[in-house]
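Engineer: One structure follows; several queries about it will come next.
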Amino acid sequence: MTNSSLRPSGRRADQLRDVRITRHYTKHAEGAVLVEFGDTKVICTASVAERVPEFLRERGQGWLTAEYGMLPRATHTRSDREAARGKQTGRTQEIQRLIGRALRAVFDLNALGPRTLHLDCDVIQADGGTRTASITGAFVAAHDAVTKLVAAGRIARSPITDYVAAISVGVFGGTPVLDLDYDEDSACDTDMNVVMTGAGGFVEVQGTAEGAPFSRTEMNALLDLAQAGIGELVRLQRAALEA
């Protein structure tokens, strides 16, 4: 998978975009990250609230939830704010639930105690892969937030059990490729989003044949690409948190 002429960006089929993770991007939230997957840029914040949803009252455990949104001009043409329309789109609800599920997969909510960690992922520029960038950045923001809780003595230990990151893969021009940008995503035959832990466990796989159905062989190739890409993202998360 070394053919770079296949992809509009000139990347190899197995090559991520340039990924940057900038911590402490804003000053108020307990965790605040700017994550960049090429030209896709997302601000991810983690905020701690000393309360839990009603269904968790008196159970002593915590909760983690996520919200996702896009600025009106994050894409090629301006879109109205969802608040102005009075409701969230189905896509927005799907993505924020995915982010929440992905992060809860690596959290011991009992260790978090009776508090809620709110993750807010705001896309300031979109060029494909906003949900996968959000998950990858939100983990780092959440890690910073719980580190502060431990340092302040509000919890005895970190509730984080592993790393988690996400990446898109797809079949573009008949070839499995890693980390689709907008040009590839809008023209691919297959689009798949994969969420995995640092230990290599699958948290979620979302795959759709946009054009021709994909074979089991292609699916295996896509998952291999995703696993390698997520391994690199976890390395970048570790490096950011150790900086």
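Note that Cβ sites are derived from N, Cα and C of the backbone, with glycine treated the same way.
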Engineer: Can you find which of R78, R81, R85, R91 Swiss-Prot lists as binding phosphate at the same site as G129, T130, R131?
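Structural biologist: Only hit among R78, R81, R85, R91 in Swiss-Prot's phosphate site, alongside G129, T130, R131: R91.
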Engineer: Quick one: which residues besides R91, G129, T130, R131 have a Cβ within 8 Å of the phosphate site's Cβ centroid, in sequence order?
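Structural biologist: Here the non-site neighbours turn out to be Y68, I95, V123, A126, G128, T132, A133, S134, N193.
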Engineer: Going along the chain, which residues six or more apart from T130 (phosphate binding site) have their CB under 8 A from its CB?
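Structural biologist: Those within reach of T130 (phosphate binding site), by Cβ under 8 Å and sequence separation of 6 or more, are T40, V42, M70, I95, V123.
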Engineer: Between R91, R131, which of the binding-site residues has its C-beta surrounded by the fewest other C-beta atoms within 10 Å?
Structural biologist: R91
Engineer: If the phosphate binders are R91, G129, T130, R131 per the record, what's the largest distance between their Cα atoms, in Å?
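Structural biologist: The widest Cα-Cα gap among those binding residues is 13 Å.
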Engineer: Check the DSSP secondary structure of R91 (phosphate binding site), expressed as helix, strand or coil.
Structural biologist: helix
